[in-house]
């Protein structure tokens with residue numbers, strides 16, 4: 001059974017396009033019914049980021065959950081990993097994050113977490129999809145059994161304390177000037193406060209959300225503003241989160257971007273030296289640079305690859321017994337601490353290495369020279385452009401031209417109508433030409 005609503009990271013789409021109040025109401029009802037197990041009073045934690053449509057989706061979901069007898073705990077704007085953590089710590093049956101992650105404000109989405117704070121399995125999502133398409137009038141709660149909703153205070157402090165506990169008690173960030181870009185998103189209150197409490201000299205940007213400016217020319221997908229601010233303030237490091245703070249990109253003191261592959265290399269080597277890796281290896285996706293794989297091999301560590309999506313990274317980590325994994329895009333999963341990607345906690349692990357080494361970030365965070373990698377996106381209006389004969393021919397020709405000295409990865413995005421074309425190899429000019437040829441063919445097929 002193919003999935004109708006769920007993509008690789010929950011349900012996501014244009015606000016009042018795919019993501020309507022009606023859909024949010026039905027998702028609340030369907031998920032509420034799916035997670036009502038046993039006779040106890042059931043409850044759900046709902047968080048959101050700062051986009052304008054969050055209010056609309058939040059209230060519709062409250063109506064859905066309460067209509068099937070589930071109590072709702074509202075925590076307001078909070079990072080996705082904080083919602084996952086709170087779901088578990090507050091003994092809730094379900095967690096919801098209303099966010100479209102790194103997308104602009106026009107989009108929104110619904111991410112669901114089980115009682116242990118993990119994203120739902122494909123099977124559970126399919127069960128919810130079946131309920132979405134079934135009439136549930138006869139399964140609504142009786143008047144006396146309707147759910148209640150309340151806003152919870154103090155949740156910011158809970159997450160701040162959780163994040164601080166991932167560092168040794170004797171480690172302070174004193175002496176570090178840190179510019180942090182919260183993308184005008186969910187972390188705009190908690191992360192600057194946590195850094196200040198840890199002793200850093202904090203310069204916050206992207207902390208003035210207005211409902212429209214989330215991820216707009218800021219955050220992990222647009223680190224240019226952060227790079228400029230780091231140089232301007234002569235800071236030691238810059239931290240760029242995305243709209244829901246489940247991914248992170250760093251900037252060194254020179255303003256150069258440090259991607260998720262380099263972060264994985266830093267943490268992997270540090271944890272190996274400290275004996276903290278549960279297995280001699282880490283998990284990453286097919287998008288991670290071959291340079292990372294070669295670096296890890298030199299450290300005696302394996303790299304296990306998965307399809308794109310942090311959920312698949314986590315599944316492999318759990319099944320294989322790994323405690324470190326992530327994506328080049330900055331989703332870093334540290335399963336000793338969190339059940340999902342946590343951009344801030346990942347940044348803290350790197351800051352710990354910087355403090356211990358007393359070396360510049362540009363030295364600490366450059367563990368390998370990445371192979372030239374070209375990634376381009378082709379937006380389409382539907383259909384199957386990858387099945388076009390000219391596209392297939394361009395891909396086949398490209399693979400022959402790389403001839404074992406590089407690789408191609410062409411895939412449809414699981415979160416938006418985009419086909420991603422990635423080429424990697426030792427000859428940058430050749431890789432660019434191969435990718436451009438495929439992108440041109442896709443553009444004509446998608447027109």
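Note that Cβ sites are derived from N, Cα and C of the backbone, with glycine treated the same way.
Annotated Mg(2+) binding in Swiss-Prot involves 242, 244, 246 plus, out of the candidates 101, 121, 362, 389, the residue 101.
Annotated pair residue 246 (Mg(2+) binding site) and residue 101 (active site, phosphoserine intermediate), C-alpha to C-alpha distance, rounded: 8 Å.
Note: residue 101 (active site, phosphoserine intermediate) has non-local neighbours 9, 12, 80, 109, 242, 243, 244, 246, 247, 415, i.e. same-chain residues 6+ apart with C-beta under 8 A of its own C-beta. Other residues of the chain with a Cβ within 8 Å of the Cβ centroid of 101, 242, 244, 246, the Mg(2+) site, are 49, 79, 80, 99, 102, 185, 186, 241, 243, 245, 247, 341, 343.
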